[in-house]
Amino acid sequence: MKAKIMGAGSYVPHKVVSNAMLEKMMDTNDEWIRTRTGIETRHISEGENTSVLCGKAAMDILEKTGISAKEIDFIIVATMTPDGLSPSTACLVQDYIGAKPIMAFDVNAACSGFIYALSIGEKLIQSGTFQYGLILGGEVMSKIIDWQDRSTAVLFGDGAGGILLSATETENSFLGEDIHSDGSRGESLTAGSHLVTNFHTKENLENRFLQMDGRSIFDFAIRSVPESIRTVVESSNYTLGEVDCIVAHQANYRILQAIAKKLKIPVELFATNIAKYGNTSAASIPILLDELLTNGDLVLGSKKKIVLTGFGGGLTWGSMLIQL
Ligand SMILES: O=C(O)C1CCN(c2ccc(-c3cc(CO)ccc3Cl)cn2)CC1
C-alpha cells in the first residue's frame, strides 16, 4: 500500500500584527525586523487555542478534498504549543471536526514537527490499516512568547495547516526521508520546561517562556539543513537539479539564502511566505504548502518533485522528498 497527498488546508487567526504595531510595544523597529528576518506581519490569536486553529485548518482540508470527517481514520497534530498536557490537541480536533472515535495523538518536534508527523502518518497508511489520515501542524506561539523579550517576540506567529493522506495502490508520493535529532544541543531553544517541584522542593521552578540562542540555532541550521536536503534527494537517486520546489520551515529569510548558497541552488527554489506569517513553528510548512497548492504554483498529480524540510528545537531537523 502506498500513501499520497490528497489535499491541503490552513487557518490563521484574523488579527494581523505589523512590525509598526510591535514598535509601540517594545524597543524594536520595522527596518531591523524586515532586514534581519524578512518578517513584515504575523497573525496573533485573540483567544483561539491551538486545537481551534488546527480544527479550522482540518475543516478547510475536508472542504477542499470533499472527504467527510466520518471518513478520517487517524489524526496527528504536530505542535510545541498544545492546549495542554492532556487531553492531546489531536483529541480536541477529533471532537471539533466530529470524527469517529479514531486514533488521535500529538507529536512534539518543535519546528520539525510536521516532518515527523508526516513521516509517521505515511507509515500508518503504508501499513494498510488506514484509508485516510489528517496530518496537522498548529501553533499558538504567542502564548509562550515573553512579550518583553524583543529578541524572540518579533519572530513568531500563530497558525495551523495540514494535509490529507490517503492509501493508494498507484505510484508512491513519498520518495525518501532524512530525519534527525540532537538532544545534547536542546538548550539552544527551550519553552515550557516543567522542572521537578513537589513536596520535596520549596521553590517553584518554572520557565514557561520560549528562550532561544539565536546564533547557535542559526549556525546549526546553516550546517545541518543543506546536508539533509542533499541526502534526501541523492539517496533517492535524484539530483538537486531535478527538485522543482523546496518548502522549508519559515524561520528566517536569511537562513534560506544561506542554505541555497551552500547547496549552490537558486534561492528562488525556496518558496517563502515568512513576510506575512512570521515563524509559526510546526505550522509553517503546511501553511506554505497549502498556499502553493491554492495559488497553483504546485499541482497535485503534476509529478513535480518537492522537498519539505524542517529544523529547530530539540534540536530536530528533517527532510522529505515528495512527488506530487
Ligand atoms: O540578529 C539577528 O539577525 C537575529 C539573529 C537570530 N534570528 C534567528 C535565529 C534563529 C532562528 C531560527 C528559529 C527556529 C525556530 O523555529 C528555527 C531555525 C532558526 Cl534559524 C530565527 N531567527 C533572528 C535575527
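For all residues, glycine too, the Cβ spot is worked out from N, Cα and C.
The region 'ACP-binding' annotation in TrEMBL falls on one of the ranges 120-124, 145-149, 225-229, 250-254, namely 250-254.
Mean pLDDT across the domain 'Beta-ketoacyl-[acyl-carrier-protein] synthase III N-terminal' (105-183) comes to 96 in this model. Look at the domain 'Beta-ketoacyl-[acyl-carrier-protein] synthase III C-terminal' (234-323): DSSP puts its residues at 36 helix, 22 strand, 32 coil. Residue counts for the domain 'Beta-ketoacyl-[acyl-carrier-protein] synthase III N-terminal' (105-183) under DSSP, split into helix (H, G, I), strand (E, B) and coil, are 25 helix, 32 strand, 22 coil.
Here the CA atom of Asn279 (active site) lies 9 Å from the CA atom of Cys111 (active site).
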